[in-house]
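> Residues or ranges marked as region 'Disordered' in Swiss-Prot: 1-28, 152-174, 208-305, 326-402, 557-581. The phosphoserine annotation in Swiss-Prot covers 177, 189, 533, 594, 601, and the record cites similarity to another entry as its basis. Residues annotated as compositional bias 'Polar residues' in Swiss-Prot: 218-251, 261-278, 291-305. Residues annotated as compositional bias 'Basic and acidic residues' in Swiss-Prot: 332-344, 361-375, 560-577. Sequence annotations record features per position, and here Swiss-Prot assigns phosphothreonine to 578, 581, 595, 596. Taken from Swiss-Prot, the feature phosphotyrosine covers 598, and the record attributes it to similarity to another entry.
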């Protein structure tokens with residue numbers, strides 16, 4: 001096959017083609033052309049995938065027209081390359097050659113395409129034009145080209161999947177936030193001022209931490225790109241980027257030390273300017289974010305030597321950019337970058353001043369702040385803390401006026417005289433009780449004392465006097481009621497009251513026992529006197545006459561008993577005398593007060609018939625016989641074991657049991673009459 005003839009426009013003069021410099025130049029340009037072609041091939045595949053979803057199909061006529069345009073553009077580029085250049089151009093191309101990797105990755109290839117363009121107009125047109133140039137060749141692919149195409153497509157799929165995963169990754173949480181709210185205590189925990197001992201180590205760590213955060217893309221490639229690229233295109237891109245970075249700098253944490261701010265600002269300025277050319281010209285914002293994330297991952301994996309080299313290069317580039325002659329776009333850049341730097345300085349100074357001026361909070365303030373935070377969250381303590389109680393105690397103490405020594409002494413003297421007076425009155429009452437003074441006089445003195453001094457009820461002696469006033473014949477319930485009232489009033493000391501009540505109860509039991517013994521002795525003495533009188537007379541009496549007389553006497557007693565019962569049914573008020581004298585000494589005849597359901601029904605009938613009834617209660621009154629010995633023992637039993645129906649020894653005690661409006665129905669006791677009848681038969 002014969003090689004195609006070279007057009008005359010592209011041929012060099014024969015005198016220049018033989019030179020070694022031009023041969024080296026052609027070899028270098030051929031390498032650059034092949035590399036550009038490979039990168040544009042991958043870019044074309046990506047554009048084909050995107051255009052297949054909605055773009056139009058390029059016809060054959062359009063391809064021919066675009067091919068002619070590409071040839072014309074190629075001739076123009078060749079003419080420009082043959083023009084004379086300054087000596088520094090070769091060095092720049094060498095640096096670009098070393099910096100650009102041969103891997104066909106999307107990020108670096110796209111960046112090289114954008115960087116190597118010289119005019120803003122051509123930068124938008126070159127990708128489409130060069131892609132159309134390769135279209136006729138793509139129809140006849142060799143095996144190596146097909147292999148490279150497959151590898152590039154696989155790599156593109158991997159990169160797109162990674163980019164999607166990075167986009168789906170959750171965002172980094174805001175520092176100091178807890179459940180959607182920013183907590184001041186969490187911010188203070190990682191922004192407290194460091195101690196003097198750890199200043200050097202902390203400063204080095206923070207410098208190394210802030211530099212990789214700021215350098216998102218690789219600075220070596222972009223720095224060479226800024227030197228090679230045209231000034232007008234670079235300055236327009238950087239002016240756009242400063243407006244975006246000024247918003248992002250507000251989110252970055254302010255510098256911790258003021259003396260590091262100058263160096264950090266210069267480094268950040270250079271890095272932001274160099275990284276602007278890569279990120280802004282890419283196209284949509286989504287690609288910018290993806291490229292910045294991939295660049296961050298590459299920067300984190302780099303070694304410490306690479307970081308130091310990047311720092312030095314960025315500083316040199318920053319100094320060169322500042323030293324360049326000022327143009328219109330450069331003036332705009334400096335005007336926009338200066339307020340950003342001023343904001344950084346002011347934010348850093350304000351943060352340092354606020355930390356230095358902020359005093360160390362006390363434990364009480366911290367607790368109060370914690371309580372406020374808990375109240376805001378809806379967490380309230382069930383029991384109030386002890387600190388609240390301790391704060392109120394001194395206030396109450398301060399409210400009480402502190403009296404002088406003499407006033408307190410006078411108050412103590414008055415209190416002592418007061419207690420002595422009360423004790424004297426109680427002792428006088430006790431003496432009167434022991435002497436046998438009437439109950440009414442002692443009650444008058446006690447009531448007068450309580451009227452004048454109501455607090456005297458809290459003394460036990462008052463209740464002791466009331467218990468001793470009660471006669472020995474009074475029931476035990478009255479004394480127990482006095483004891484209960486003393487407990488309710490809070491009398492002190494209650495032990496003394498308990499001892500006195502025990503003494504009173506023992507006295508009552510002894511009195512009852514003595515009375516029973518005296519009655520038995522008197523009865524026994526009477527019987528002995530009768531026996532002695534019968535023996536002394538010595539008169540012979542017929543036993544038959546004695547039996548007849550005794551029978552006659554018993555019959556009379558039985559008749560009298562029946563008459564008495566009849567009289568009781570007719571008019572119970574006539575029976576005033578107690579039947580104790582008519583019975584023997586070992587037994588007692590008492591009246592039992594009880595009710596029955598039948599009696600209650602009768603009462604309801606009577607009340608229904610007579611609306612204006614004079615009585616309210618209706619009870620039975622039955623004479624019963626009780627043993628004297630058992631009666632004495634049952635009196636000592638508690639109320640639960642005693643007989644529920646009370647027994648009365650006389651009619652006078654009925655007024656104490658019931659009301660005046662109560663009515664009693666007397667019914668005879670056949671058992672008492674039967675006793676007399678049995679005695680008669682024997």
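Cβ from N, Cα, C; glycine included.
Locate each feature and note its surroundings.
Long-range Cβ proximity for residue 177 (phosphoserine), meaning a same-chain Cβ under 8 A and a gap of 6 or more residues, is found for 183, 186.
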> May I ask for the distance between residue 601 (phosphoserine) and residue 595 (phosphothreonine), taken between their Cα atoms and rounded to an integer number of Å?
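If we compare the Cα positions of residue 601 (phosphoserine) and residue 595 (phosphothreonine), the gap is 11 Å.
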> Around the Cβ of residue 596 (phosphothreonine), how many other Cβ atoms lie within 10 Å? Please give the count over every shown protein chain.
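If we count other Cβ atoms within 10 Å of residue 596 (phosphothreonine), we arrive at 10.
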> A 10 Å Cβ contact count, applied to the modified residues 594, 595, 601: which residue has the minimum?
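Each of the modified residues 594, 595, 601 was scored; lowest Cβ tally within 10 Å is 601.
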